[in-house]
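Lifted from Swiss-Prot, the feature list:
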- Arg37, Glu38, Asp42, Arg150, Gly151, Gly152, His153, Thr154, Glu174: D-ribulose 5-phosphate binding site (BINDING)
- Glu38, His153: Mg(2+) 2 binding site (BINDING)
- Glu38: Mg(2+) 1 binding site (BINDING)
- His136: site 'Essential for catalytic activity' (SITE)
- Glu174: site 'Essential for catalytic activity' (SITE)
Amino acid sequence: MNQTLLSEFGNPTERVERALDALRHGRGVLVLDDEDRENEGDMIFSAESMTVEQMALTIRHGSGIVCLCLTEERRQQLELPMMVEKNSSHYQTAFTVTIEAAEGVTTGVSAADRLTTIRAAIADNARPSDLNRPGHVFPLRAQPGGVLTRGGHTEATVDLMTLAGLKPSGVLCELTNDDGSMAHAPEVIAFAKQHDMLVLTIEDLVAYRIAAERKAS
């Protein structure tokens, strides 16, 4: 990643720490992955504090595939089977079956309905019966070890929530351009400025976690 493009958001450590602070205060962040990987930017929000307005922004400016990133423990708690037994996707993106809240939604498509589904899934006492399958929210299972084992947006989302001291569940959606194409670094940065959001990279988060673990040891 061209660090010059991101310099206005701080150095790598500052970018992570500012992103964590933003998440603690209920704001969203934008996360870029490697140029040699998907080379895309995702909007990421805390699942426990996301608002209807933020969900509407996500749907309006994103791919439409609103994903809920979960730990393996939460996936098991909700008894969500993986979408396929043999994952042949290029980056091994770990989708489970899609979900809908069993109560409190209409068609499940609106911003409010999708948020209701997410809140049902992350509730402390959530049960499998609280969710219908299929639905309009796409859960993703994060790998144990986070970005240190897989450099994906799913793992970055759960790592960010954990480091921020929040529930380890987050909402992500790929940012798209007005013509429907995927947003890359320049477009992501322009969107961030327009919507007062912070930008960081998965590479920043990997370095931050490695430094933190070295310090702890």
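Each residue, glycine too, has its Cβ placed from N, Cα and C.
Looking only at Cα atoms, His136 (site 'Essential for catalytic activity') sits nearest to Glu174 among the binding-site residues Asp42, Gly151, His153, Glu174. Candidate binding-site residues: Asp42, Glu174. Fewest other C-beta atoms within 10 angstroms, Glu174. All protein chains considered, the CB of Gly151 (D-ribulose 5-phosphate binding site) has 19 other CB atoms within 10 Å. Comparing the recorded positions His136, His153 on other C-beta atoms within 10 angstroms of each C-beta gives the minimum for His136.
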